[in-house]
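In what follows, a single structure is set out as structure tokens and then discussed.
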Amino acid sequence: MDFSMLRNLISRYCVGEENWVDNRTVYIGHREPPPGAEAYIPQRYPDNRIVSSKYTFWNFIPKNLFEQFRRIANFYFLIIFLVQLIIDTPTSPITSGLPLFFVITVTAIKQGYEDWLRHKADNTVNRCPVHVIQHGKVVRKQSCRLQVGDIVLVKEDETFPCDLIVLSTSRQDGTCFVTTASLDGESSHKTYYAVQETKAFNTEEEVDTLRATIECEQPQPDLYKFVGRINIYLDGNEPIARPLGSENVLLRGATLKNTEYIYAVAIYTGMETKMALNYQSKSQKRSAVEKSMNAFLVIYLCILISKALINTVLKYLWQGDPGRDEPWYNGKTQSERQRHVLIRAFTDFLAFMVLFNYIIPVSMYVTVEMQKFLGSYFISWDEEMFDEELGEGALVNTSDLNEELGQVEYVFTDKTGTLTENNMEFIECCVDGLVYVPLSVCNGQILPGASGIDVIDSSPEPAKKENEELFFRALCLCHTVQVKEEETVDGIKRGINQGKGTSFYISSSPDEVALVEGMKRLGFTYLRLKDSHMEILNRKEEIERFELLEVLNFDSVRRRMSVIVRSGTGQYYLFCKGADSAIFPRVVSGKVEQIRARVQHNAVEGLRTLCVAYKMLSPAEYEEVCHLLTSAKLALHAREKKLAEAYDVIEKNFILLGATAVEDRLQDQAADTIESLHKAGMKVWVLTGDKMETAAATCYASRLFRRSTQILELTTKRTEEQSLHDVLFELSRTVLRQRRSMLRESLSGLSNDFQDYGLIIDGATLSAVLKPSEDGSSGSYKEIFLDICRNCSAVLCCRMAPLQKAQIVKLIKASKERPITLGIGDGANDVSMILEAHVGIGIMGKEGRHAARNSDYAIPKFKHLKKILLVHGHYYYIRIAELVQYFFYKNVCFIFPQFLYQFFCGFSQQPLYDTAYLTLYNISFTSLPILLYSLIEQHVSMDILKRDPSLYRDISKNSLLCWRIFIYWTFLGVFDAAVFFFGIYFLFDDATFTSNGQLMTTNTQMMFGNWTFGALVFTVLVFTVTLKLALDTHYWTWINHFVIWGSLLFYVVFSLLWGGIIWPFLNYQRMYYVFMQMLSSGPAWLSIVLLVSVSLLPDVLKKVLCRALWPTTTEHIQTKRQCLAVERSAIFMLSQTSSSIGF
């Protein structure tokens, strides 16, 4: 069950609603309706308090602990810690408890701090002052005290405190302008309307006298949908009912603009506002590295259990000899010795588990979290990904997927606003076969001195003059553009008439602004909407007024919009504009073939096209249209369906006027970015809602398709000529034939150029491919389709619905190769694709910030994708792969000598290392060097990674965390551990007892007991694993030197202090004077140097041989760079020598 649904059910139960309905009644100003009108039923609604925090002061500790111990590693170490407390184990509970406490505490502090920030933000919002009308006066109160039914006064540039219905505004026409940037990122001004009967209530006293109720649906998370109606009681008559829709609702978080003030009534408050209902957490994405870590962890857990089991069995076999018993120093009591053998064996098994549990690196998880969290700042700080125009840089919404940026195999990208600028420029229009091409007009920027009209083909005949002007009027009237009368916006001067006015056009759609500006260049200027009348300045400098009667808004299903207007002569017009696929089937007359040919021509050129049509309405027809629309708008249930049916009836039998062409330019460096992604081994798919011809032209311009690319079409047009089955198998044979020829050429040694394929598929055909067939062969078409796609270098999916974009991504994700996918887009229609992909990237574009807010990463422009993948992704993966392998390696080095030691101490569970060493090994002695390495390591420079994208292939398919490399690191750890243990054992095996019972080496006269032996092994261990990391480091800075050599120095200083001082809080000190007298021995120093060298030798030899015999592309570049450095230094030395000789 969804959490929001559960919350609604609980709230319904708590307020005692026995008969729950899907509607609510809101009494405006809490005023009861007139007697006899309807029953007054007061309802309880939540206050306006917003809660985005996760914890409270009282539940933080239990709730946070519960969440942390849900992680397997933390829970495992908790069990080990409890076992150490319950039974007698060879190591102190501190050795497990302290690292676990450190990990839990660090994570709790981080999460607590983040939640404190959320509390702070909530308090700021909840205590914000709002103005409420009470008893005819303006009263100021805190936002959290606002209630449903309160009448709120909101002034210009103020943010709406809750979801409101507009009652009246400072404008006479009852309109107000709003920006919803905080909701969907759209900074453009949107227009909202007051109901005709309430817009005259313009003062506090008048508003307070309003008696009305609002019936509306219960809170829904959809930002763009609202169904309701207002019942207004005037003079005791029957109430006047008026429909309410999304155009009447002001959402919490939006801002009032270009309007002095408004009066509005609260309908949804607090956590029931649409903004709060959208606080839904996204599904948790897990990276391939995290999955590898968990798989490795399971292997090491099996190794741990095997070690404990082997030692337990061998212990009882060894003690089977009557002369052998439990060692005296284990301190077993008589009752413990007399327990049942199974109980003793189980206790010993647990004790061995505790002794060897350090092979599981609990600190690895906190190190990985810190690395991801701190490493994500490098993306945000990257100055190359800062956009001057937007004034913003890249954003990281989640740091859990940093390394996944280095593993991408498929890139799914939107076209408009992602590959293109979404900066529309009117190019031309075609009216009755005549083409009109004005000079450049782009989003308000008119070139100075640009004037005149360039008419291609021929001048219109007088008989066609009427259609031409009707077409221009249609585009001046059929839109939702508003005119803002200010000198500047965002510091840029923009005017309708340069030098004559200071107004400019604003709209939520850049296409509409471009069309209206294009009409201005062609002689028809849209002036304003005033008192429900749209004013146009024609070529004769005459103002024409049309009364705006109805607006049939654009939606993605109809793909068109219409307006109904009445001219000054009383004639009714219905003007419609939309996609060619939405207009042509509804046209009954006009120059259809000529206009269709021009539309096809412009689409091939990559231009965005719209068709324009109209029809005349008689007064009777208009009355019928009004009746249809009013009945649909007043419906509280299935309003959208009824409106769609009404639109379908109204929008037909058109006369085609013409078509427009608007250019959406390709983004800067978009083609270079796609080419680099191809070289890096990624396959790029374009998923767009545009026409095939337009999208294909963009694909050629962006180098997704090359001129030599053979295009394979899987479209509705082709499946109408052949069956889908035949088309799929024909395409499959084509690509398989190419694959076989490539295979033959590779076997014969020929290097002939292979044919490059590109696939184009449309949304309707994709639905047929994905649709399960009736004979049960649901997966057959999918597999053939996937096989065709695998053999294509690029795929274009056009006429795609948002859900289909997500289906495509899901289909590729679920294929047998399980590739890593990336979705990138800039609009709300791309969110489903972004959420479905392994990595989602949002573009901070002109279609709003909805995609950026729902993505894992947000970047200003498409060109920045190159660096975030080829540089940052590459580095993140290299670093974290080394971190994971290194952690397992150093823990094998750490614990395997402990395993070997049991064979020499009668399996008595005697620890090899001191408690302090066991506790601090992963926390202090070896933690900082690998953390720093994972943050700043650069195996090759950034410039090389950007210049040579093929280096990305070296790390694809999770190659650095594959089982082969994991096994190598594990065996390297086992080898090094064996060298530590047996090296010390054989180098100091000549120890004898002195007269006072001390064990001393014969040749060095050094006291040599088990703690000295363990300290020597541990010293070699710390130096080896630290120097191993130093050998793997390519990018040296003073910080590396400080941390690496500082860690070794810290270990030596700590050991001297730990064993050189009598600490009063310790009952006994095993290491007293051990480390000091060990360092005073020359052979001990020699053995440390010798064993560290022997341990590191195999890895050094392996690196040298692999670089010489089987070098990767990266290693080639590293070698070349080193040679160049040596060359430069040699040249410098020679120049210095020659200059000294010359002197």
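Keep in mind that glycine also has a Cβ here, set from the backbone N, Cα and C atoms.
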Stated TrEMBL location of transmembrane segment, expressed as one of 249-271, 1008-1030: 1008-1030
From the ranges 874-894, 916-936, grab the one TrEMBL calls transmembrane segment. 916-936
To the nearest whole angstrom, what is the C-alpha distance linking THR416 (Mg(2+) binding site) and GLY689 (ATP binding site)? 9
Hey, which of 349-368, 916-936, 966-988, 1008-1030, 1072-1097 has the most Cβ-Cβ pairs under 8 Å against the transmembrane segment (1042-1066)? 916-936
Spatial neighbours of ASP826 (Mg(2+) binding site) among the recorded positions ASP414, PHE554, ARG608, GLY689, ARG799, defined as Cα within 10 A: which are they? ASP414
Nearest by CA distance to ASP830 (Mg(2+) binding site): which of the recorded positions is it, out of ASP414, PHE554, GLY689, ARG799? ASP414
Can you tell me the CA-to-CA distance separating PHE554 (ATP binding site) and ASP414 (active site, 4-aspartylphosphate intermediate), as a whole number of Å? 21
Inter-residue C-alpha distance, ASP414 (active site, 4-aspartylphosphate intermediate) and ARG799 (ATP binding site) (nearest angstrom): 12
Do any residues, 6 or more residues outside the transmembrane segment (1072-1097), come within under 8 Å Cβ-to-Cβ of it, and if so which ones? 975-976, 979-980, 983-984, 987-988, 1001, 1003-1004, 1006-1007, 1009, 1011-1012, 1015-1016, 1019-1020, 1023-1024, 1027-1028, 1031, 1055-1056, 1058-1060, 1062
Would you mind giving the whole-number mean pLDDT across the domain 'P-type ATPase N-terminal' (42-96)? 80
What does DSSP give as the helix, strand and coil breakdown of the domain 'P-type ATPase A' (130-200)? 7 helix, 38 strand, 26 coil
